[in-house]
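Undergrad: Can you read through this structure? Questions will come right after.
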């Protein structure tokens with residue numbers, strides 16, 4: 001059978017597929033001939049940044065991925081971590097940045113759908129979702145439209161599918177004007193002895209297509225996700241996928257039912273690069289070839305070419321290697337759920353990826369070189385430059401109370417209620433903590449006391465100032481947020497969003513952030529078990545803020561002892577665990593400097609990982625023993641914002657003692673490794689004794705009570721006034737009534 005080609009391969013065609021001249025030469029040397037148009041599309045999909053990680057692979061190997069609880073680390077659809085009693089949590093975070101900018105509703109919706117498939121492909125039932133969203137400046141003409149579409153897409157898919165959204169982030173910065181970020185996280189529960197993998201095994205076994213039919217939506221999506229944007233962005237709208245959450249719900253139930261029959265040898269969801277990537281990954285991992293007959297692929301559009309079928313990113317589809325004797329039983333399950341079930345190929349022993357279409361062989365390629373032996377680059381990067389510290393006399397002053405009121409009602413520090421009230425946070429009936437606290441918490445169904453905590457974190461302005469410290473801080477804050485609920489942090493997933501890696505200064509950000517993330521994960525016993533890299537987040541040469549989002553999972557052994565951020569009662573002591581001298585001192589890169597004075601200079605705060613570990617373990621023990629009544633991590637906005645958020649959540653005021661140092665640094669400094677905790681009067685002595693034994697500074701800095709917040713010698717601000725400011729910004733902005741400078 002001869003290889004059929006339908007289109008001449010020209011330099012322009014090669015370039016339009018995102019392949020560099022040296023990569024095309026590598027293809028010619030690899031296969032010994034000119035590729036067909038379909039083969040060119042396959043190489044483009046598999047060798048692009050989105051699928052091959054060719055610029056990041058070298059550095060990702062530096063991350064710790066193993067631990068006593070890790071069942072499966074990176075390399076599968078999702079990470080798997082043991083949570084005792086024969087149960088495990090399966091989770092991952094992935095980006096859908098480029099599609100969401102072009103078509104916000106469908107881009108965000110299919111981002112949620114894709115991450116849910118990654119989880120249930122492993123045999124887990126999804127129990128929680130989060131999303132970390134970054135938008136451009138609020139006064140940019142597209143921002144309101146993008147926020148509306150993305151939030152509706154996230155909610156529309158997640159709500160219909162039936163998974164609670166328990167946490168996330170929403171932030172604004174002009175650096176995201178041309179490239180928003182939509183990072184979707186999902187977690188599911190499974191039995192530790194019933195995990196399903198994507199590695200194909202056995203020769204001559206049927207390769208089965210499952211789920212929805214294939215259309216032209218998403219053709220070239222993975223290639224688009226590996227390129228910068230320019231003026232032709234609107235032309236890329238057809239490359240955005242279209243999702244159907246109700247079909248995905250049926251696919252979930254059908255897959256989990258099928259998995260109980262013993263029919264599944266290997267299974268892989270069709271995400272980026274669709275049928276191409278799923279088939280190549282299954283075969284390459286198992287050292288097997290794959291032959292596909294595209295005439296047997298269920299399609300919903302007429303006259304689809306082999307190129308379109310191989311690169312379509314139509315949603316709600318799976319590929320499976322099946323035990324032949326289970327074919328009828330498996331087919332009956334999918335027919336019952338109204339889904340397609342078609343044997344579209346077989347495994348082979350020749351390590352070839354062979355595609356047949358209308359009697360022609362349209363592709364015949366070496367499968368290993370397409371998959372796990374794709375090109376790998378060691379791109380040049382520049383040494384890191386650390387900004388000079390701010391001089392003591394270079395800290396601009398402001399009224400402490402006025403600054404607090406402005407910050408709680410600002411774009412980046414106000415309540416996200418407008419967002420999360422569009423998400424179903426309670427479906428499944430296991431949600432214990434909803435968005436707005438330090439972490440979302442979900443009860444483990446079937447267990448009397450066990451719960452899981454989830455958080456996603458990164459502070460891009462820190463990463464921009466110092467990628468190494470910023471990488472450490474993203475991990476530390478995620479670990480701290482989990483700890484603040486009483487959870488033992490188990491493991492993390494990363495979503496590394498950066499600009500163009502071909503620019504040495506951007507590659508430097510990536511390299512140093514990875515080094516910081518790796519060091520923090522090792523110090524905190526918080527391995528990375530899954531993740532995603534999203535590069536080329538640039539428009540016309542303007543890159544985003546470096547945004548390595550960390551999503552973490554923690555285990556709460558007894559959710560009755562879980563901590564919350566809201567003050568529990570009046571007349572309780574407020575203590576600052578991990579307090580530096582003077583309550584706070586690091587004002588550079590703070591939201592105070594950015595949002596009150598418009599300054600983003602100076603170094604990021606240093607993260608002392610030994611201190612972080614010591615304080616976090618101490619606070620977690622206090623929570624487990626019922627010695628504290630409220631806990632909140634101290635991060636963006638410093639002590640002032642932490643106390644204000646605790647007051648707003650509870651309706652109870654607070655009085656904080658006047659610091660001995662500069663009140664601006666004390667209240668708005670963003671020193672790391674700190675928790676605000678409250679303790680009832682009858683427990684103070686016990687807590688102080690523990691702190692003394694542990695060698696931990698735990699000063700009493702104030703007291704709860706009243707209906708206002710007073711910071712040192714500043715004027716009081718009523719809790720109602722704080723709450724009104726906190727709740728007003730988002731609905732006012734989305735209603736179109738907000739002045740741009742707010």
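Every residue gets a Cβ built from N, Cα and C, even glycine.
Residues or ranges marked as active site in Swiss-Prot (evidence: sequence analysis): 50. If you look up Swiss-Prot, you'll see 53, 92, 494, 531 marked as ATP binding site. If you look up Swiss-Prot, you'll see 94, 532 marked as Mg(2+) 1 binding site, on the strength of sequence analysis. Under the heading substrate binding site, Swiss-Prot lists 95, 96, 97, 98, 117, 241, 313, 314, 315, 534. The active site, proton acceptor annotation in Swiss-Prot covers 96 and rests on sequence analysis. Here Swiss-Prot flags 118, 269 as Mg(2+) 2 binding site, drawing on sequence analysis.
For each listed feature, how buried is it and what is near it?
TA: Following the DSSP three-state reduction, the secondary structure of residue 50 (active site) is helix. For residue 50 (active site), the number of other Cβ atoms no farther than 10 Å from its own Cβ, over all displayed protein chains, is 26.
Counting Cβ atoms from all protein chains shown, residue 531 (ATP binding site) has 27 others lying within 10 Å of its own Cβ.
Sequence-distant neighbours of residue 532 (Mg(2+) 1 binding site) (same chain, six or more apart, CB under 8 Å from its CB) are 92, 93, 94, 95, 183, 494, 495, 496, listed in sequence order. A strand conformation is recorded for residue 532 (Mg(2+) 1 binding site) in the three-state DSSP classification.
Under 8 Å, Cβ to Cβ, and six or more positions away along its own chain, residue 315 (substrate binding site) finds 110, 113, 114, 212, 217, 218, 241, 242, 243, 244, 247, 248.
Reduced to three states, the DSSP call for residue 96 (active site, proton acceptor) is coil. Residue 96 (active site, proton acceptor) is surrounded by 32 other CB atoms, counting those within 10 A of its CB over all protein chains shown.
For residue 118 (Mg(2+) 2 binding site), the same-chain residues that are 6 or more apart in sequence and have a Cβ closer than 8 Å to its Cβ are 77, 78, 92, 94, 186, 269, 271.
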Undergrad: Going by Cα-Cα distance, which of the recorded positions (50, 53, 531) sits nearest to residue 97 (substrate binding site)?
TA: 50
Undergrad: Three-state secondary structure of residue 313 (substrate binding site) from DSSP?
TA: coil
Undergrad: Largest pairwise Cα distance, Å, within the listed ATP binders 53, 92, 494, 531?
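TA: It comes out at 17 Å between the most distant Cα atoms.
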Undergrad: I want to check the contact list for residue 53 (ATP binding site): same chain, sequence separation of six or more, C-beta distance under 8 angstroms. What comes out?
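TA: Counting only residues 6 or more apart in sequence, the Cβ neighbours of residue 53 (ATP binding site) under 8 Å are 60, 533.
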Undergrad: How far is it from residue 117 (substrate binding site) to residue 96 (active site, proton acceptor), counting Cα to Cα, in Å?
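TA: Cα-Cα, rounded: 14 Å.
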Undergrad: Three-state secondary structure of residue 118 (Mg(2+) 2 binding site) from DSSP?
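TA: Looking at the DSSP assignment, residue 118 (Mg(2+) 2 binding site) belongs to a helix.
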Undergrad: To the nearest Å, how far is the Cα of residue 313 (substrate binding site) from the Cα of residue 50 (active site)?
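TA: The Cα atom of residue 313 (substrate binding site) is 13 Å away from the Cα atom of residue 50 (active site).
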